Amino acid sequence: MAARPTPSSARPVQGDGDGDQQQHPRRPFSAVLITVPDGDGPGSPSLPASSSDAMAAALLDHAGAAGSDDGALMEAEDERPRPWGQSFSLWHATVVVFALAALAAAGYVSLYAGRGAGAAWRLLEAREEGEDHGGRRSFLLLLYPKPRRGGAAGNLTAATSTSTGNVFPTGLYYTTVPIGNPSRDYFLDVDTGSDITWVQCDTPCRSCAKGAHPSYRPAQSNIVPASDPLCDRVQRNPNECNYDINYADRSSSMGAYVRDNMQLISEDGERENIEIVFGCGYDQRGILLDTLENTDGMLGLGSRAISLPTQLASRGIISNVFGHCMTTDPSGGGYLFLGDDYIPRWGMTWVPVRNGPADNTRRSQLQQVNHGDQKLNVQGKLTQVIFDSGSTYTYFPHEAYTNLVAAVSLKGASPRFVQDDSDNTLPFCMKADFSVRSVDDVKHIFKPLSLQFEKRCFFSRTFNIRPEDYLTISDKGNVCLRVFDGTAIGYDSVIIIGDAFLRGKLIAYDNAENQIEWIDSDCTDPSKQSRIPFFLRRVLRNKLL
C-alpha cells in the first residue's frame, strides 16, 4: 500500500465522550490494537473510556476512515509486519528475476561481448537466432592442412624485414576458392597478416611456380582500370592498377588487379557468385616459388579496402567480421568464416587492436608472457602481438625468446634435454635421454605458454598455448621449439603468433570494432550461433517481440 504523506502538524480529532476536542498526533503507518476483555468479568481490569476512545480515534485517523470502525481495524490488521516468506509476492519475484537478468546481461557485455554501446543495443534488438541483418549474410570456407615441406624453416631464420610490413605467406592451411565464369577451383593460402588476395596469372607470367592448378587467365574486360575508385587507394603506378607486395621472408608477388566472380558458400549451403577485385600475380619471387607447388596464391584477410572481408563488408554483403577455427589435430583442418553468424555470443575473450603505424597490421598490447609461472619479458614493458594465420611459426622479442629457451632446456632436470646444434630443422632443438617418437611423449614435461593482456573488470584476458603447439619433433627425434627470435626479421618488440599456435581456438577478427576475440573450440562443427546467451534468450525474446 502506498505511503500517505505525514502532515507537518497534528489535526483535531473529535472525541465521543464529553464533546471536548483532543489533539492526537498522526500514527506512522501502523498500529497495534489491544483487545481487552469485558470489564464485567471477575478480576477483569478496566480502562478509562477516554483511553479507549483515543485509540479508536487514532486508528480511524491512520486509515483515513470517516465511517465504520471495522474498516479501520481491517486496514490496521493489513499493515501489520508479516514474515518475509509471506510478503514475497509474485511481483517481487518478477523484479528480482529481471534484476538478475540485467546484471547478467551487463556482465556479458562488459566481460565478453566487448562491442561497446553498439553491441549492447544490437543485443537488445535481437528478435531471435535468425534475426535479419539488413540483408547481410555469412560465408563458410573449409580449411585444409598443407603437405609438409622440408627445408623451409632454415630459410625463414634468414628473413629480414621489409618496408611493407606484411608477415609470412607460408602458413599451414589453405582453402579452395572457385574463381571465374565458368568457375575453376584455386587453392589459396589463408593469411590474416596481409591484405591482397592474388592468384598466379598467365598474362603471360614472368616468374611463376607450377602451382596446384593451371594459372588464371583473365579476359581484357576483367582488368581493373587505373580510374577505378578502389584502384585509387591501392595503386603505385598512376597509369596502371597494379600491386607489388613484399613479405617478411623476402618473398614477393607483383601483378595487376582484376575483377571477376568468386564463388562463396552461404550459411544455408547456397553457392553465390560475387564480383571481387583481386591480384593477378605474374611475377613471384623467393620462397613463394617453393610453397606454390601446393597452392595457387594468397587469400588476403587484412583490414584495408582491398582485402576480401572489407570488400564484402563495404557493399553490405557481410558484417565486417571474419574468423577461423583450426583443429588441435594438425591433420584435421578446420574452417574459415566471413561474417559474424558463426561467432559464439557467450564466453568469447576479446582484446582491442590497432593498425601498425607503417604496415596496417592488426596489433594488440600485451602485458606479460609466461612459461608456466615464469615471466619471460620485463614486467610492465608492453609488447605488441600480431595474430598471423599466414605464418607457420611464432616470433618472440629477443629477451622473451632467450628466456624461453632457458626455461625449456630444463638443465639439471630428469629427463635431461641437451641442445643439438647439428639439427637444423629449427633454430633450437634438444636431444632427450630417451626415445621420442611424437610430441605426446614429452608434452607432459613442459609447461604451457600464456599471453596475458590488460585486465578488464578485474578479470584477466589470457591466450594460452599448449606445449604440443609450441613444440615439434624433428626427423632426428629431437624436440624442437616452434618459436623464433624476432630480431631475425626486425620485430624486436612484437610477438607474431603463427597458425600452429592458433589451433584449438575459434578466433574472430572484428574490423568494425577493432578487436580480436577467441574461445577454445574443437573446430569440428561450424554452426550458426545464437546471438544471445541461452539464459537470456527467452526473456529478451518475450520482451522484444
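Any Cβ shown, glycine's included, is placed from N, Cα and C.
Note: TrEMBL annotation is automatic and uncurated.
For D191, D388, the entry in TrEMBL reads active site. TrEMBL lists 1-11 with the feature compositional bias 'Polar residues'. Taken from TrEMBL, the feature compositional bias 'Low complexity' covers 37-51. Positions annotated as domain 'Peptidase A1' by TrEMBL: 173-519. According to TrEMBL, the feature region 'Disordered' maps to 1-51. As annotated by TrEMBL, transmembrane segment applies to 90-113.
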C-alpha of D191 (active site) to C-alpha of D388 (active site): distance in Å?
7
For D191 (active site), the number of other Cβ atoms found within 10 Å of its own Cβ:
29
Just how many other Cβ atoms lie inside 10 Å of the Cβ on D388 (active site)?
27
In the predicted model, what is the mean pLDDT computed over the domain 'Peptidase A1' (173-519)?
87
